[in-house]
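Asks: First the structure, then my questions, so here it is.
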Amino acid sequence: MDSAFLETVKASLQQNYESYVLKYPKIWLCVMSAVVLFAGWKLYVTVTRRRNLKRYLQLAMENQDRQRAKIDQFLSEHAAPSSRISTAILKASVPEITSSVKMGIWKVEEVVLTYCHQAAAVHAELNCLTEIFFEEALGRAIELDSRSEKDGVLFGVPVSIKDCFDVEGVPSSVGVFRWKDEVMSSNAPIVQCLIDAGAIPFCKTNVPQTMMSFECKNPLWGLTENPVVKGYSPGGSSGGESALIGAGGSVLGLGSDVGGSLRIPAHFSGICSLKPSVGRLPNSGSRRFHPSSLIIVPVNGPMGRCVDDLIPFMEACCGKADVNIIPASFSFTPASASAKLKVGVLRHLPFVDALPPCVRAVDDTISALQADGHEVVEFKFPFYTIDLVSLVYEALTADGGFYYKEALGDEPIEEILRPFMYLMSKPSIVLKLFAFMASSYPDKRPMRFIKTLGVKDSVRLLKMLGERDEFVAKMNAYWKDSGIDCLIMPAFATPATPHNSFPNVSFAASYTFIWNILDFVAGVVPVTSVDPEKDTLRVAKSNDDTDHHKSHRLLEAELEYFYRPQKMAGLPIGIQVITPQYKEVEALRAMKIVEKALKTKP
């Protein structure tokens with residue numbers, strides 16, 4: 001039977017050969033030529049890609065070797081202060097450092113040396129640093145010590161800088177090989193503000209490739225680890241900052257935020273941060289992949305270990321050094337002891353449910369606030385959040401990935417970014433086909449996401465601006481009617497995520513990026529940590545604000561797949577404190593009240 005079958009196949013092939021190949025030899029010659037050319041092109045691309053990968057790997061190793069040599073040389077030439085002094089310095093907050101330096105208890109040189117040594121030790125464990133300028137920082141510290149007038153709200157405070165910000169004399173590579181030797185000729189305005197206030201920049205910190213991920217890895221500088229539990233992300237895109245500060249290698253950091261890049265790392269690493277409104281802080285002088293952002297504008301902000309660390313940063317930088325910012329100074333006064341807040345509470349974003357430890361952090365915070373006499377009311381969005389989330393995705397992918405591809409050229413693309421680069425670059429007809437295929441699933445959220453991708457024309461961009469303004473107006477009206485002072489909600493839908501899980505759980509950033517498009521102020525305060533006994537998975541509460549069938553919880557299933565309470569034990573969990581546009585002072589007051597309430601909670 002097998003022999004007969006083979007004979008039949010052979011006869012059929014012979015017949016087809018005689019009927020088509022011999023009858024139309026030129027056509028088949030063209031077809032075979034095309035096949036050979038395509039195979040040759042694919043072979044060329046593969047060989048070239050492997051050759052480039054090897055070359056870039058060698059460049060990365062050389063770059064990191066130079067960095068290590070620079071650190072080792074500094075450590076060998078400059079001893080750290082005594083253990084007693086170093087321990088005291090590392091425990092001090094930003095205001096305590098400034099006060100101690102001005103009073104002559106510590107020298108600025110001692111503070112800078114302590115943090116240079118500590119940052120080097122942390123970097124050896126977490127790989128969080130990029131550019132090193134310890135020597136320059138030490139020189140500035142000695143110069144500050146020689147001054148008779150010790151002015152400035154940040155006098156004597158070492159500050160670490162996210163790699164995207166320009167610092168005179170060093171590159172702003174953001175993990176891109178072609179920018180690694182491009183030395184900046186001047187400081188970014190916000191960096192200069194910090195220097196003018198007496199701060200001492202001493203290092204730059206790692207970011208993810210394209211700075212559009214809450215992982216922290218790029219081909220030039222490598223992977224940064226979580227400061228609490230290895231194997232997990234420190235967050236992104238300000239992940240190098242959060243890792244360094246969370247591990248005690250810096251007391252104050254400068255980061256940026258376009259979708260959660262200050263808040264997600266703070267939540268993942270157990271520190272504080274503040275995302276101000278657009279126009280409050282200088283916003284130029286940093287490396288970006290997009291030349292302009294109309295609908296969602298990136299903002300800069302502080303990162304520190306406590307709320308008190310953030311306040312002098314805002315005092316130093318608000319309303320200064322940039323013609324494009326609001327010319328209003330920042331004047332912080334703490335809330336009176338008798339002041340009571342009316343607090344809105346949101347445990348789950350209607351778009352996607354949060355995991356147990358993130359909900360528990362909100363509940364713990366609310367319990368502490370109620371114990372102190374603050375009023376708590378339930379918060380509900382005045383619109384469908386899936387519509388707002390879809391608008392954010394449209395805005396962030398409006399160029400179809402053009403500027404990312406232009407910046408990276410033939411450089412290797414991190415694996416976690418490939419699915420997004422692939423989808424963004426597809427023609428609209430292909431994306432419509434993908435969306436149609438996804439529409440067959442009962443959970444309609446993936447289909448809505450796919451529909452947002454692709455290049456947008458000017459007409460659609462103008463409509464998107466109008467839609468954004470409508471969302472802002474509705475939120476402002478709801479906020480005014482509710483009479484709340486602030487909103488308490490999860491900082492993120494999940495604890496710190498395992499390395500390389502970003503493509504599967506990127507939608508969890510909806511907890512943060514909705515406040516970017518609304519331009520509300522948002523801060524993060526650490527509350528608790530993952531507890532395997534308290535944070536077991538349970539049936540999520542249903543949302544009344546979604547257009548997906550809750551029995552088919554595709555997005556929640558992705559979060560739950562990576563959620564391992566036993567392995568995640570100890571990972572930090574924070575909450576977000578939200579206030580309306582330009583209410584940075586009110587946000588920081590509320591954050592201090594939360595911080596105090598949690599400390600005094602029985």
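A Cβ is built for glycine as well, from the same backbone N, Cα and C atoms used for every other residue.
Look at TrEMBL and you will find 26-45 tagged as transmembrane segment. Marked as domain 'Amidase' by TrEMBL: 110-587. If you look up TrEMBL, you'll see LYS162, SER237 marked as active site, charge relay system. Annotated substrate binding site per TrEMBL: MET211, SER237, VAL258, GLY259, GLY260, SER261, in sequence order. Sequence annotations record features per position, and here TrEMBL assigns active site, acyl-ester intermediate to SER261.
On this model, are these features tucked inside or out on the surface, and what's nearby?
Replies: Under the DSSP three-state reduction, LYS162 (active site, charge relay system) is assigned to strand. Around LYS162 (active site, charge relay system), a 10 Å sphere centred on its CB holds 29 further CB atoms from the protein chains shown.
Taken residue by residue with DSSP, VAL258 (substrate binding site) is part of neither helix nor strand, so it is coil. Within the same chain, the residues at least 6 positions away from VAL258 (substrate binding site) whose Cβ sits under 8 Å from its Cβ are MET211, MET212, SER293, ILE296, VAL297, PRO298, VAL299, LEU396, PHE513, ASN516, listed in sequence order.
A coil conformation is recorded for SER237 (substrate binding site) in the three-state DSSP classification, outside any helix or strand.
Taking the Cβ of SER261 (substrate binding site) as reference, residues of its chain lying under 8 Å away and at least six apart in sequence are, in sequence order, MET211, PHE214, GLY235, GLY236, SER237, SER238, GLY255.
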Asks: Using the centroid of the Cβ atoms of MET211, SER237, VAL258, GLY259, GLY260, SER261 as reference, list every other same-chain residue with Cβ within 8 Å of it (recorded substrate site), in sequence order.
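Replies: For the substrate site, the extra neighbours are MET212, PHE214, GLY236, SER238, SER256, ASP257, LEU262, ILE264, PRO298.
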Asks: Measuring Cα to Cα, how many angstrom lie between LYS162 (active site, charge relay system) and GLY260 (substrate binding site)?
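Replies: Answer for this pair: 15 Å between alpha carbons.
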Asks: Over all shown protein chains, what is the count of other CB atoms within 10 A of the CB belonging to SER237 (substrate binding site)?
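Replies: The answer is 32 other Cβ atoms.
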Asks: Using a 10 Å cut-off, grab the number of neighbouring Cβ atoms around the Cβ of MET211 (substrate binding site), all chains included.
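Replies: Summing over all protein chains shown, MET211 (substrate binding site) has 26 other Cβ atoms within 10 Å.
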Asks: Below 8 Å Cβ to Cβ and six or more residues apart, same chain only. Which residues does that give for GLY259 (substrate binding site)?
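Replies: Spatial neighbours, sequence-distant, of GLY259 (substrate binding site): MET212, ILE296, VAL392, LEU396, ALA509, THR512, PHE513, ASN516.
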Asks: Restricting to the same chain and to sequence separations of six or more, state which residues have a Cβ under 8 Å from that of GLY260 (substrate binding site).
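Replies: GLY260 (substrate binding site) has long-range Cβ partners PHE214, PHE492, ALA509, TYR511, THR512, PHE513, ASN516.
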